[in-house]
Each structure stands twice: as C-alpha cells, then as structure tokens.
Amino acid sequence: MAVGPDAAVVGDLHGLLALGVLIAAATLVAAVGRRVGIPTVPLYVLGGVLVGPHVAGAVGLPSIAPAEVLTLAEVGVVLLLFFLGLEFSIDRLIDARRKLSAAAAVDLFVNFPVGVALGLLFGLGPLGAFLVGGIVYISSSAVITKSLVDLGWIADPEAEPVLGTLVAEDLVIAVYLALAVALVAGGSPVDALPRIAVALGFLIAVAAAAQLLAPRLAPYLGTSDEDLVVRTLAVALVVSGLALAVGASEAVAGFFVGVGVGATPLHDRVADRIAPLRDAFAVVFFAWVGLNTDPVAVAGVAAFVLAAAALSGPTKVISGAVGGRLYDLSPRRSLRTGLALVARGEFSLIIAALAATSPDPTIARVIPAFAVGYVLVMAFAGTLAMSEADRIERLLGVADG
Amino acid sequence: MTVYESDLPGVGKKHEIELHGDERLVVVTHNTGKREVFRRADADSDAEKLFELPDGLARTVGTVLEGAYFQPIATENIDTVLGGDALIEWYEVPDDSELAGETIEAADVRQRTGASIIAVEHGDEVTPNPDPGAGVHAGDTVVVIGSREEVDSFHATFIASAGDGDEGHRDDGGDDGAGTVRD
C-alpha cells in the first residue's frame, strides 16, 4: 500500500489532532452502530468517511487528508497480517489436510471465479477482475471470529470447518497479495519481470528465514514483556518496510514474520501483548480507508455492489455448506458453516487499498469504492445471517427436530 | 470418558468431555485465558453456555473440582476423624468456661467427659501432651481426643455450656460445582 490518488488532497487537520479526531470518529460511529448489531469493521470505515475530505471537507468542515495517517494505517495492515501469521500453523494445516484442502478448494474455486466474472462483467479488465476476485473471495476473520464467540457457535462442531477455512484463506491471501502487488505496479512485462522476481524473492527469503532461523533468533526478542513487544514490533516493521522498498507486499512480509514468531515458544505471550496494538492500528487502517472513500463514488457503483452481494453471498453459503458436508456435519450444521463464512471485511479492504495505488485510473477509482460498499453490505449481511440462522434453517427446511 | 481436544485458530482451544450418552461438556479456552463452559445435550443440539470465568478464577475452580484445593474456613472447632469412632477436635476456650483459669487436673476433664486434652495452644506457644497440672486460660485453643460421645460431652461441659453453642462443622455444600453439569 503506497500513497493513493487521493493523497494529494489537503486536509485542515494535521498530526496529532488529525489522528485523534480520526480515531474518535471511528469509535463513535462504532459505538452507535454496535447498538443495532452492525459489526465494527465497516463502522470504522464509515467513521473515517465522515471526517475525510469527501464529507467533512466537502461541506467546509475541518477534514483529514489520508496522507496524514498513512504510516500508522500501514502499521495496522502489517499487524493484521502479522497476527494471521502468528496463528498460522503449517503443522495444523497438514493435520487437517484431507478434509480441509477439499473444503478450502471448494471455497476458492467457487468464490474467486464469481468475483472475476463480476469484475469482467463490469468492465474492469483482467487485472481489475483479478482484484475483485480477491475482494469477493476472502471472508473476514475479524468479523466471523467475533460472531462465532458472541453467538456461542464456537463450541459447536461448525466452528472447526469455519475456522479451518479461514486459516486456509489466510495462506491463499498471502500468495495472492504477493502476486497482486507485483501485478498492480504494472508496466510492460519486460520491465516488470525483474521487479517481480526481486519482490517474490524477498518474500521467499523472509518465509525461509521464518521457518529456519526463527527458533534460533527467538531468544533475542528478550525476556521482559516490554522488550518482547518493542523488539517484535521492530522486526515486523523493518522487514515489512524493506518489503515495500523492494516493491513487495508489506502485508505478506508481516505475515511471514508472524509465522516465524508463531513457531517459537513466545507465541502466546506475543499474541497477548501485541493484540491491543493490532486493534488500535487496525482501527487507523479502517478509518484511513474511509478517508480515501468518496460516498458519491460508492453510490456510483451501487449496482455493482448489489450484484456482487446478491451473487457472492449465496455462493459463499453454498461453498461453505459443501465444506461442512466434507467435515461430515449434518445438513443443518453445514448450512450454518456456510452462513458463518458470508462476512467479508478487513482483507477485502487491504486489497482495495492496493487497488487504489494502480496506475490504471479505472481500477484506482472503481475498485476501492466498490470494496467499501461491498464490505459494508457483506459484513452486515454475514452477521445478520448468523444471528438469524434459526429462521434461515426453517425457511430452507433443514432444521433438525 | 473421552476428552476431545481441538484447536480454534485465532480463538484458542476447545475441549469436549463426554458425559452420559451423547451429552458433552465443552470448554473453550480463549487465548486471553478466558474460559467459556458450554453443555451440549446431544450431537444435534446447539451448545448452551453455562458460564465463563477469567483465567485466575478458572484455575481456582479447576483445583476445587479436582479435589486438590482445600482452604479451611475459620470455625471455632475443627475435627479430624480417626479410624473407628475416635476423633480429634479443636476448641477455643470461652471466657466463662469452667476450664478457664483452671488446671486440667482441677477441672477433672478425663473423669467428667472421658475425653483427653492432648495439646494446649496459648498465644503462639503450643504445649503438646500437657501435664495434668498445666493451666488453661480463656482464649487458649485446646486439642481434644476421644470417641465422638466423649468429645461431645467435653464440648457440652466446657465449651457450649459457656453459652455460645456455635457448631461449625464443615459439611458445607461441596456439590455446587458439579450441580450445573448434572442438570
């Protein structure tokens, strides 16, 4: 994620005050929305929209330019992916491979093509379609995990295929982002090839270091909590910053640093101590996405958003339900697996932030607006699908007893 | 009984404990240390949440359920049952007890009740196996051995007659923890 096209916009609030107002707006909107059961991720985006140049700025109120908080938003992305890496375990994936790989393949080969088809249908070309494919494919770990815990589904058998699918998606998204960053930068294939090679080579080196060196380097992260937090953050930011510098995905670099730390005995303590940091910086990222969002542009792609929601909501339910069946769940529990996977969120927004950096003006304009509208609809629809699961089961006639 | 363990990536770990038939107790341990305890009546029904505990409390409750945890509550008399009918009991000597300010011999403990005083605690000082001529003061703790009947007689003569009558046996409800599971 680098500076998007809106970065040229000049806001009236700067530095500390800009950051404070942004976070305050995000949490205020989240507090209001939570009362009516809307998940927080899209609400943070909405908070950012309100104080951004396109709303507050447009009516002459003090507003915040996205560039003011860009670096902190990037920290949010790195920490989001760092956490995915931390929870990611190759061994766990291998243990569950027979059921999981089939479920994950169904998930990928149903939902990704749906997004690609939508992108082509709405005239975004092959690269745009590839990006829409990712936005539509990837479910939201944050929204879904929270709903699973809130509704008590976490203790039910469907939690296993749901969380398993999310982990498999994490691995896909790491590979996907590595490719997407290289592709979005554009240029002629001859120019692009060495750059892509350097970028992918860097990520492969980080991944290898995570696997081979992490256990030996872990003791240097320190023994006190303070050292652990500060040094882990230092490693994550230096590595992901280097990734950006060589044109690789900083998010994927963060993911592999997380995988490395996750493979050491420090895993639990790091997870405990860094989680609050991730929560805070992730809010900045979501709100930053909002700053970049012009509500008029979102309204302009409303047909696209609604078509995508109408198509990709049901396909996710179907692919998830097939996944549930592959885990030998009853029809009712399989349906619930599908309903649980509907919500899209943070990763779709990360892809959108990437799209905003595209030199292709159509992609840079349409896809971020589409992603924000789509995530708003799908995060809410997914949460609703879970809380109303009983009614949906009866409607579809799969309620047991 | 089988316990099933599974990972909940991003959340923590889940343990399912078989109860009777298909009924299961489900314990979700969050990465934050929070424990959520659910019960599932059978394979088809949804888990119903019973309660949740923060990490520290969960560990304490765990040791109580395990039977390893024991924290005596302050009572006036604490008895220890030996084999057969014999028991040892602790009593604090009330101010107006016949025993207060007397020697064991003068109070005629053995003859009147059948029980024997095997130790006297006066402040920090403990006298095990006291002489018959040893004095007992109000506020001392005496340790008495005898049959249940003899010890009761000691209690009636020297402790309860002093008017406090506060029986503090520890038959408190040890089943509370399991009760939620059984229903």
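Cβ from N, Cα, C; glycine included.
TrEMBL labels come from automatic prediction, so no person has curated them.
TrEMBL has this to say about the protein:
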- A:13-31: transmembrane segment (TRANSMEM)
- A:24-382: domain 'Cation/H+ exchanger transmembrane' (DOMAIN)
- A:43-64: transmembrane segment (TRANSMEM)
- A:70-88: transmembrane segment (TRANSMEM)
- A:109-142: transmembrane segment (TRANSMEM)
- A:162-184: transmembrane segment (TRANSMEM)
- A:196-214: transmembrane segment (TRANSMEM)
- A:234-263: transmembrane segment (TRANSMEM)
- A:275-291: transmembrane segment (TRANSMEM)
- A:297-318: transmembrane segment (TRANSMEM)
- A:339-357: transmembrane segment (TRANSMEM)
- A:363-386: transmembrane segment (TRANSMEM)
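Between the transmembrane segment (A:162-184) and the transmembrane segment (A:275-291), the number of CB pairs under 8 angstroms, six or more residues apart, is fewer than three, so the stretches are not in contact. The transmembrane segment (A:275-291) and the transmembrane segment (A:43-64) are in contact, since at least 3 Cβ pairs between them lie under 8 Å (pairs 6 or more apart in sequence). Away from its own ends, the transmembrane segment (A:339-357) comes close to residues 1-6, 39, 41-42, 45, 77, 80-81, 107, 128, 131, 134-136, 138-144, 147-148, 153, 158, 162, 165-166, 169, 173, 177, 180-181, 184-185, 249, 251, 282, 285-286, 289, 292, 313, 316-317, 319-320, 323, 363-364, 367-368, 370-372, 374-375, 378-379, 381-383, 385-386, 389, 392 of its chain (Cβ-Cβ under 8 Å, at least six residues beyond either end).
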